[in-house]
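Database features, via TrEMBL:
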- 1-17: signal peptide (SIGNAL)
- 110-128: transmembrane segment (TRANSMEM)
- 140-160: transmembrane segment (TRANSMEM)
- 203-223: transmembrane segment (TRANSMEM)
- 244-265: transmembrane segment (TRANSMEM)
- 271-290: transmembrane segment (TRANSMEM)
- 302-318: transmembrane segment (TRANSMEM)
- 330-347: transmembrane segment (TRANSMEM)
Amino acid sequence: MLCSLWMFLAYAESLLLQRPPFVTLVRSLNFNEKCKITPSIKKTMPFPLDFIEAVDIQPACLGLYCGKTLLFKNGSTEIYGECGVCPRGQRTNAQKYCQPCTESPELYDWLYLGFMAMLPLVLHWFFIEWYSGKKSSSALFQHITALFECSMAAIITLLVSDPVGVLYIRSCRVLMLSDWYTMLYNPSPDYVTTVHCTHEAVYPLYTIVFIYYAFCLVLMMLLRPLLVKKIACGLGKSDRFKSIYAALYFFPILTVLQAVGGGLLYYAFPYIILVLSLVTLAVYMSASEIENCYDLLVRKKRLIVLFSHWLLHAYGIISISRVDKLEQDLPLLALVPTPALFYLFTAKFTEPSRILSEGANGH
């Protein structure tokens, strides 16, 4: 009797809202699961109910990232709200319910975050070296300060992330590229009204990078000007702060890069590391006129640059292999010194003066 009354009220609501009867009825049945359609109920209704079972089993949520948020839970009883956007820190599951992100980041996720954290540090070091000059003794202190700034920013970012106060984050698993661009998958059921279900499905891999960049910028503005003013005596007044001015340019560029291409960088960063590290190592060794091992040992700075590139090579190889099978992936690290050795062995054959002399002799 109560179920019949419930269905008549649903039918009356459909008439008032000018909605097809089965839409209101199906929504009512989804809410009131105790009502079962029986032959006696079918006879008393003013519209056919033969199609209700088929309609009811269809997913109630349209769109790839729309879900129902949990409103109330008491023991085994759970009540969910209407289909819509999931709160921050949650994403939809296969049943279209918003579930909290409780998993730990995978190794590949940490490597991606490490790559995004290295970008401002490497750019800091590059512009410090570019503007410090060869005779300046302040470059080393500025390098150390930049490393301190980025390290402190990374620690603070982890501490303020959920769970707060610990160097640990909880995350949602990245399943596919579209997880980074949920704003492109808002459904439009009637091709007029758009249901906005944009949320961070890859929580917190997308927004944590912006938080890190913000802390890097704040710490740089607090520490670097005082340091540069004290120790950068070998530079002119106009050159002292150029590395800081450069950071004010590349931080917005990195922010836009993460906002637009975060998902692409997530899948491509291992190859970007390998290609860029190989190119920059070749350019540096060529510009420094390094042709043999003795040229590397003459200056400690050259060894530091070489070992830094080797670390980047190893980082890229580990990111590509993901160390899924340890016994098979670790031997790949033996390839790390290969590019430098190849350059040293072949540099003498590509010496411009030798090519010109051989050309003049007709060889």
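Heads up, the Cβ atoms here are built off N, Cα and C, so glycines get one too.
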Under an 8 Å Cβ to Cβ limit, what residues of the same chain, 6 or more beyond the ends of the transmembrane segment (244-265), are close to it?
-> 112, 115-116, 119-120, 123-124, 127, 131, 177-181, 202, 205-206, 209-210, 213, 216-217, 220-221, 224-225, 228, 272
Would the transmembrane segment (271-290) count as touching the transmembrane segment (203-223), if touching means at least three Cβ pairs under 8 Å and pairs must be 6 or more apart in sequence?
-> no
Given the transmembrane segment (110-128), its same-chain partners at Cβ distance under 8 Å and 6+ residues beyond its ends are 139, 142-143, 146-147, 149-150, 154, 205, 208-209, 212-213, 216, 220, 242-243, 246-247, 250-251, 254, 258, 265-266, 269-270, 273, 315, 318-319
